[in-house]
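Listed in Swiss-Prot:
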BINDING   C55, C56, C120, C151  [4Fe-4S] cluster binding site
Amino acid sequence: MVLSPNQNQKIINPIEESPTVTQELSENIVLTTVDDLYNWAKLSSLWPLLYGTACCFIEFAALIGSRFDFDRFGLVPRSSPRQADLLITAGTITMKYTPTLVRLYEQMPEPKYVIAMGACTITGGMFSMDSPTAVRGVDKLIPVDVYIPGCPPRPEAIIDAVIKLRKKIANDSLQERGQLQQTHRYYCVKHNMKVVEPILTGQYLQTSDRKAVPKELAEAIGMPVSPALQAIPKEEVSLG
């Protein structure tokens, strides 16, 4: 098979018409907006704050490994909320965790985003059945941007949630960001708790033995006996 000179030249030099750097002004200008530039830099450098409280965090730990490699999305875990802009809640949220979680969210700088990972975080999961301590939905405390259902969700689902969050950030606007509020919540069952009287009422502190040492014990250890105890007649014990 004999190739013509033109065909041979195309095969030998396939990048003959490749773009080159020119000095023309029109070829070195990029037209964009401040929102697009800001969102492009933001979605490529998300710094998450990991708030793992249960088994869902084990699946997230697998995401950090080399098999899934979430560093390709620019995710750099931070240990301080003041350096993070993404809060990932993984696991059951209890009433005792509530003040800590809200404080961490308030310490994060704007703009900040939240990913709710797992059924326990979204609706309370199996721990919310007849439990007065489990919070049925973290969106009752802080606004949530992306939900990841599952018990627990796989690392691929977390990657999909990060991609969806990046698309949401790409459409954000600096002027409208402070006005946006969460309008929809994940469905969850409300708490139906019965109010009962407290068990620890403090009545045991008002017994006579707590107010004063018994007369027999005071005499045995050599303590001074109060006049009120001295007025009590000593009981005679019959031994036979």
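Positions of Cβ are set from backbone N, Cα and C atoms, glycine also.
Around C151 ([4Fe-4S] cluster binding site), the same-chain residues six or more apart in sequence whose CB sits under 8 Å from its CB are G118, A119, C120, G125, M126, listed in sequence order. There are 27 other CB atoms within 10 A of the CB of C120 ([4Fe-4S] cluster binding site), with all protein chains counted. With respect to Cβ neighbours within 10 Å, the binding-site residues C55, C56 differ, and C55 shows the lowest count. Under DSSP, C151 ([4Fe-4S] cluster binding site) is assigned to coil, being neither helix nor strand in the three-state scheme.
Using the Cβ center of C55, C56, C120, C151 for [4Fe-4S] cluster, the list of other same-chain residues with Cβ within 8 Å runs, in sequence order, A54, A90, G91, T92, G118, A119, T121, G125, G150, P152.
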